Protein chains: 2
Amino acid sequence: MSSLLIAWQLKDKNVLIVGGGEVASQRVDSILPTGAHIALLAPSDGLNPRTRCLIDEHSDSITYYDRRFSGPDDLIGADMVLTALDDVDLSRDICNICRTAKIPVNAADIPDACDFYFGSQIRDGPLQIMISTNGNGPKMANIIKERLQKALSGLEGQAITKVGALRALLKIRAPGVGGAVSKRRMKWMSSLCNAWTLEELVLLDDAMMQKLLDVGWENDRIPTFEEVGGRRPEPDYGNPLVPQAIGFIAGALLAFYLLKLGRRKWRSLF
Amino acid sequence: MSSLLIAWQLKDKNVLIVGGGEVASQRVDSILPTGAHIALLAPSDGLNPRTRCLIDEHSDSITYYDRRFSGPDDLIGADMVLTALDDVDLSRDICNICRTAKIPVNAADIPDACDFYFGSQIRDGPLQIMISTNGNGPKMANIIKERLQKALSGLEGQAITKVGALRALLKIRAPGVGGAVSKRRMKWMSSLCNAWTLEELVLLDDAMMQKLLDVGWENDRIPTFEEVGGRRPEPDYGNPLVPQAIGFIAGALLAFYLLKLGRRKWRSLF
């Protein structure tokens, strides 16, 4: 059976992490970029140095409680619970309470108690890629992640940001959810993404976006990059002083050699 | 803000899909492989041909109700709700009821009402890869998906299956959750995945797995593929009759030519 891979929204939600070891620090890493508020429950003598460091550095996002899990009341207000404990029985107990309270829960290293699993991730701005082996091999997920990373050009995140900005402008110009306008918007955006390269999308600026909508959207066609005023940056050859100096020296050496050769030839002639 | 990408478990859970159009059919596609039971609510006159086809083909997984959404009672027992409706107000109403009942909900085309988003997916056996642009461009997710697909060798799914089987055997030999044994297992499996190629992992069979555990795990080292009896398949050159026939003809022609040449030489000698 496979999982349903989804992008869960946690902005302004409350996430409770029970435990303070290495896995807990990885959970904090996963949750911090989502904009959730984290409550971390662990006795300070069991805190991993990295977890302690994260708590100190992100005190605006993390509230730390220096104590053990004490019962169902600890879960009040939580929108998601992550346990990272060595105590398997306690972890299972917490999962059961969560299930009754309908709070999504993940228990590290106890797959059958989890509502959801984590996976390897690639992030590049608004782009997020998750690799899951459905619990068959976390290391394999990492190996595949590295392979996929090499296949990305590094421009994807920036291109998506520009496409998102253009899409927002288009929604202002042609508003409405669902129905014909929604379909036309989707089709036009899709054609643009197909027609333009990643490099061209990255170079989109405000003026070009306006022109794209004026010339393209209004006439239901996809203008080229050049048509909306797109200009590729001049190739950058770096500091010109070094090649200049090399050229100067080479020229001087050649002149010197020719002069010498010339003199000898003259000598041989006369 | 970015999402938390997770692999949600739906085996034997109840998923309610409200709507029967094209998006509803895509939702059914996403949910079917998870082993969930699907309830689909939509008047039959609004059913998309593909949705109708899926309902007919997967009657063991999908229960179809030929009617509109009628109120909170429709959500009783649901573990997840997906709306795929043109009626934005109704979609928002359903989302609100879900939120009160703490049922995770996704409303197609209304991002701010969703607990989670879908993304582009790659599947290969136990391997699942999700590409999310955090709502900035579904088409860009597709373009990146195609690029990533090309970077995969096609052996990843099979290799993960073999690694999962070996891991299960190792857990029987060295049981226990958490603590030192868990860490040693993880480290050994991880070293194996690093040392062996995908091709070698795919060729793992039962006997090799046993030998790997006997020789490798027990002595805390990683044997080579050959050491545990691994054999790469002979390269397959296809049917040998054709090259044989070509060889025969070439041989005959050469003999014929040499004989002729020989005769001429003899003649020229005598």
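Note: Cβ is positioned from N, Cα and C throughout, glycine not excepted.
Per TrEMBL, the feature domain 'Siroheme synthase central' maps to A:124-150. Sequence-distant contacts of the domain 'Siroheme synthase central' (A:124-150) (same chain, at least 6 residues past either end, Cβ-Cβ under 8 Å): 1-3, 5, 7, 111, 117, 156-158, 160-161, 164.
Assigned with DSSP, the residues of the domain 'Siroheme biosynthesis protein Met8 C-terminal' (A:157-223) fall into helix, strand and coil as follows: 51 helix, 0 strand, 16 coil. The domain 'Siroheme biosynthesis protein Met8 C-terminal' annotation in TrEMBL covers A:157-223.
Taken from TrEMBL, the feature transmembrane segment covers A:241-259.
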Taking DSSP H, G, I as helix and E, B as strand, the domain 'Siroheme synthase central' (A:124-150) contains 13 helix, 7 strand, 7 coil
